[in-house]
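J.: Straight from TrEMBL, here's the annotation block:
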- 21-42: transmembrane segment (TRANSMEM)
- 31-474: domain 'Major facilitator superfamily (MFS) profile' (DOMAIN)
- 79-100: transmembrane segment (TRANSMEM)
- 112-133: transmembrane segment (TRANSMEM)
- 139-160: transmembrane segment (TRANSMEM)
- 172-190: transmembrane segment (TRANSMEM)
- 202-223: transmembrane segment (TRANSMEM)
- 288-309: transmembrane segment (TRANSMEM)
- 324-346: transmembrane segment (TRANSMEM)
- 353-375: transmembrane segment (TRANSMEM)
- 381-408: transmembrane segment (TRANSMEM)
- 420-441: transmembrane segment (TRANSMEM)
- 447-470: transmembrane segment (TRANSMEM)
- 500-529: region 'Disordered' (REGION)
Amino acid sequence: MENKQQSNGMTKENNAVKKKVNWSGSLIVASLTGAFGSSFLYGYNLSVVNAPAGYIKKFYNETWERRYGFSVDEGKLTLLWSITVSIFAIGGLVGAIIVTPIVKFFGRKCTLVLNNVFAVAAALLMSLSLLAGSFEMLILGRIIMGVDAGISLSALPMYLSEISPKEIRGSLGQVTAIFICIGVFTGQVLGLPEIFGQESRWPFLFGAIIVPSLIQVVILPFLPESPRYLLLEKHNRSKAEKAFQRFLGKDDVSHEIEEVLAESRVQRNTKLVSVLQLLGTRAVRWQIVTVVVTMGCYQLCGLNAIWYYTNNIFSESGINRETIPYVTLSTGAVETLAAVFSGLIIERLGRRPLLIGGFGLMIVFFAVLTVSLTLQNTVHWLPYLSIFCILAIIASFCIGPGGIPFILTGELFQQSQRPAAFMIAGTVNWLSNFAVGLLFPFIQAGLQTYCFLVFAGICFAGATYLFFVLPETKNKTFNEISQAFAKRNKVTLEMQEMNHYPGERKSSEEQESDFTSSVDNGETKKGIV
């Protein structure tokens, strides 16, 4: 009995030690540096065009007049501005499509580093456009910046999910969402009149993009590549062990190595699958649907509509127009704090409650906001209720739907399927983003304040689907998550293993022998399909 108590005590101590060493210095630096040069820039470029919009339109008009001898008409100016804003999403779609072969060939970390070529090129084009007198440079810079964002929003979550222990995979994955929010907030702050929100200074808003990129280029190369990528795709056991040791902050990583090898045995081989192969794999049918639904709802749940209404609602509340930009900072601050809060509680509550709960709260506050906006001219205090609803919707979004879709994409698929899965998720993300930008003005014009009921309906559909389909993935290995979907996919575990790679079958003994031999010899075998 005494020995048993001592054993239990030692187990608790070991678990405590494990939890302490999970957050190693290399893990923290890799996640912060990776996010600062990636998802931060995505968030920054979402908000950075808002403050100087008037000055940029004036620059467009002056450039047009200098070239052609007459002012551009209002319709063309609006079209040029719409292209400038929305073409970011087209670039993002291109980035999401090309990310799969890039991460296969270069790896996760190197992709993030090389991606800064796009960011620096875009920053130079956009910041020098005024000096060169060419608005085409600004538009081209926006599309190149979109390519950077499309690549980074797939490569970063992939990298973070593969370097983190399963006990903190959710918290580390939320770094992506936290830095998106910090980027949005930074764009709002730098756009203030006292900083770069002036006619002569707006190009500096775009030149500032270079700073996070250079920081990432300087620091990230000194950190390890994803150990899962090194072991399963490059078959380099020694480098994978060193990477695990640095990220986990301990010498003995045999358990982690064995866990990854166990996944490879389930997969039967380590060839990477294409998007078409993944779509045709029965064993991941519901995982794909789940990623499409969560990514679609991430963009279509109405947060863009909230940004559209914010200034009008603040103005209706009696806030002076000159002070509205400063009050708007509260939305960015709430967004950031909610994302940080989500990162702190995600490993306690899990993914399901935060996703479903976030969408559920958004439904409630969308309904209240619709009522308050419809009646705000009749009751003097209703505009303040509208402000509260806006902040509550933003907080509800960031607590769950704002970051967890990226985490789930990394968790629901095996190593060999992950690049193709992120390509599908990224494509849905950017197409939905573009659709919102294209269709929202028509929805708003037709439904006015009732447009929020459309978004409430989308949130309800997403929450309902996730309630019935999504299993909890907290603290589960990739194999355990696959098994949780096996029944819904109507495959047995053996069928699931066989379905990962239709065709090109070897016996499990032959493949395990081949794989173990290649890992032990440190060979690098390219198996890109």
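Cβ atoms are placed via backbone N, Cα and C, with glycine included.
Annotations in TrEMBL come from automatic prediction, not curation.
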J.: Give the one range among 79-100, 139-160, 288-309, 324-346, 353-375 whose Cβ atoms make the most pairs under 8 Å with those of the transmembrane segment (420-441).
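T.: Per the Cβ under 8 Å count, 79-100.
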J.: What is the pLDDT of the domain 'Major facilitator superfamily (MFS) profile' (31-474) when averaged and given as a whole number?
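T.: For the domain 'Major facilitator superfamily (MFS) profile' (31-474), the model's average pLDDT rounds to 90.
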J.: Name the range, of those listed as 112-133, 324-346, 381-408, 447-470, that has the largest tally of Cβ pairs under 8 Å with the transmembrane segment (288-309).
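T.: The listed stretch sharing the most Cβ pairs with the transmembrane segment (288-309) is 447-470.
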J.: Let me check one thing: do the transmembrane segment (139-160) and the transmembrane segment (21-42) come into contact, meaning three or more Cβ pairs under 8 Å with sequence separation of at least 6?
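T.: Judged by the Cβ rule, the two regions touch, with the required three close pairs present.
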J.: Taking the transmembrane segment (21-42) as the reference, which of 112-133, 172-190, 353-375, 447-470 gives the largest number of Cβ pairs under 8 angstroms?
T.: 172-190
J.: Check the transmembrane segment (172-190) against the transmembrane segment (447-470) for contact, please; criterion is three or more CB pairs under 8 Å, pairs 6 or more apart in sequence.
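T.: No, these stretches are not in contact.
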J.: Ranking 112-133, 202-223, 324-346, 381-408, 447-470 by the number of C-beta pairs under 8 Å to the transmembrane segment (353-375), which range is first?
T.: 381-408
